[in-house]
Amino acid sequence: MYPDSNSASEVIIGVLDTGVWPESKSYDDTGLGPVPSNWKGICETGTNFTASNCNKKLIGARYFASGYEATIGPIDESKESKSARDDDGHGTHTSSTAAGSVVEGASLFGYADGTARGMATRARVAVYKVCWIGGCFSSDILAGMDKAILDNVNVLSMSLGGGMSDYYRDSVAIGAFAAMEKGILVSCSAGNAGPSPFSLSNVAPWITTVGAGTLDRDFPAFVSLGNGQNYSGVSLFKGAALPGKLLPFVYAGNASNATNGNLCMVSSLIPEKVAGKIVFCDRGVTARVQKGAVVKAAGGLGMVLANTAANGEELVADAHMLPATTVGQKSGEKIKHYLFSDPNPTATILFEGTKVGIEPSPVVAAFSSRGPNSITAEVLKPDMIAPGVNILAAWSGAVGPTGLATDNRRVGYNIISGTSMSCPHVSGLAALLKAAHPDWTPAAIRSALMTTAYVAYKNGQKIQDIATGKPSTPFDHGAGHVDPVSALDPGLVYDLTVDDYLGFLCALNYTESQINMVARKKLTCDASKKYSVTDLNYPSFAVNIDTTQGSGPTVVKHTRILTNVGSPGTYKLSITSENPQVKISVQPAMLSFSQVNEKKSYTVTFTVSSSMPSPNANSFGRIEWSDGKHIVGSPIAVSWT
């Protein structure tokens, strides 16, 4: 299925993050051959880190702190390691997700027990620590990216985000441009600012932007009330169980003198009112696990944590420090009603362990950042989604699974959630594609992942968005959920060169100095040439209709070029548009390829009728080319602004 181990083991994934815990079994180099001969990196020594911490799996480790220290002051080595050592856990989790070795019997307290493996188990890992207790500074990120490029990594995995700024002000976009020029695919998180629209970061078209979906696995924990009602939640608590009887149950807002006592903030609970009881807390402001620590410190025996409107029904499991479960907003309202109406409310929490086969799955995570793209509306982002909820991967030995200072537990593997977890899934898959197709550009690899992604379940229903309970859209899932096996043989790809991206910058009407900031070279756009953002050979289509342009239909044309990377074949077109006001036509409607690397172009014409929907309305569709064996799919998003 995937390429033999030898080619895969030549691929190097560079990870920019909080460093690495080199002792983890996920970096075991058993069975790996010598370090690839083109590797130029080093294993940098520092606090608690020596050259012997690297091996044939973890082939490089560096740290970058100049920008951080210039702003914050010297790193306090009693609090964190001034080296590539990961005192946080995040970097170990992401790098082991991308390329961790096969580890049997991995779990968090017995949850998600089984064999842990990264996406590209034979790829090499090089770690660049650019994030510290006080955050990640752009100058350090850029220095790390530049060094990774010189070190000869093949893929850059970056679970960190710029804000939303123009490309010439965005250090991640600037660093990623240089990586793309050297043939390095850059995979980044879309951000965790969903489900509101326009919440994406890392949207440059030369970056692969990854949103998050769920797995078919869950960790149920039920709240059982004194009135006989049960409500399902999730939890990763492992420890002494609650007494086998119903316990007194109290609303945090009634056990606090603080105005926002319901949020269970530090020191806000009155011990006399919570001792020996289960406490109901609302989500918001402070970390979910922190609220449990507050309840525990005040003498509470357990916690029910309820989502508010901001999180709806999305449940993310936590390794709480006391018996606790998180319930959705609807269940929370019902439990609250019971708390307020019963003179002597009681409850207990029942932990069910690990359940698999959860349907529907995947669903788009509510926290996953959404389009439209606020920097360039004509480039549809995110590009795709990958697993990012309740992901088990390696963890730092310096910190407990909650990350709280009071958490003295130590685990080899932890379960956490975020687009930080989905990004390295795609980085690892990109490494596998690079091993199978060494001559493919980063754009070709991304195209293969996008055009083969799926947007429906096996039963034909569309992938759901947990934030709305309705089918998700290309602004939520991009091209869809990655399908690694199909991506190996996509049939056709949309390729892009450095010149294409430079033309894109010209189409944005960037000045010479702005282009110089992104591309780090002098470039004058050809005044006689007509540059168009819609001609960027992207595997997806975003059409932006300006409602201020008066009546009459709007016509927008996009030109695309497909490159054959499979066997000869004739591809036929199918178009779907869910809105009759948006007419989509494609010329030609058939493309025949007789040899490998042959290129054929086509033009899509979008005709949008004059009866304008309200601003911020959206319409979606899809273009598919098929030769009977391959399906090359592209999402379409039309928005009115």
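Every residue gets a Cβ built from N, Cα and C, even glycine.
The model shown is predicted, which means the values in this text are computed figures rather than measured ones.
Lifted from TrEMBL, the feature list:
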type	residues	note
DOMAIN	9-458	domain 'Peptidase S8/S53'
ACT_SITE	Asp17	active site, charge relay system
COMPBIAS	76-91	compositional bias 'Basic and acidic residues'
REGION	76-97	region 'Disordered'
ACT_SITE	His90	active site, charge relay system
DOMAIN	260-335	domain 'PA'
ACT_SITE	Ser420	active site, charge relay system
DOMAIN	535-638	domain 'Subtilisin-like protease fibronectin type-III'
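Residue density at His90 (active site, charge relay system): 23 other Cβ atoms are found within 10 A of its Cβ, drawing on all protein chains shown.
Listed by sequence, the residues of this chain that lie at least six past the ends of the compositional bias 'Basic and acidic residues' (76-91) yet keep a Cβ under 8 A from its Cβ atoms are 15, 17-22, 44-49, 53, 61-63, 65, 127-129, 131-133, 159, 395-396, 398-399, 403, 414, 416, 420. A gap of 7 Å separates the Cα atoms of His90 (active site, charge relay system) and Asp17 (active site, charge relay system). Averaged across the domain 'PA' (260-335), pLDDT for the predicted model comes to 96. When the compositional bias 'Basic and acidic residues' (76-91) is classified with DSSP, helix, strand and coil residues number 2 helix, 1 strand, 13 coil. The two recorded residues, Asp17 (active site, charge relay system) and Ser420 (active site, charge relay system), show a Cα separation of 10 Å. Here Ser420 (active site, charge relay system) comes close to His90, His93, Thr94, Ser159, Leu160, Ser189, Asn192, Gly388: these same-chain residues lie at least six apart in sequence, with C-beta atoms under 8 angstroms from its C-beta. Under DSSP, residues within the domain 'Subtilisin-like protease fibronectin type-III' (535-638) fall into helix, strand and coil as 4 helix, 62 strand, 38 coil.
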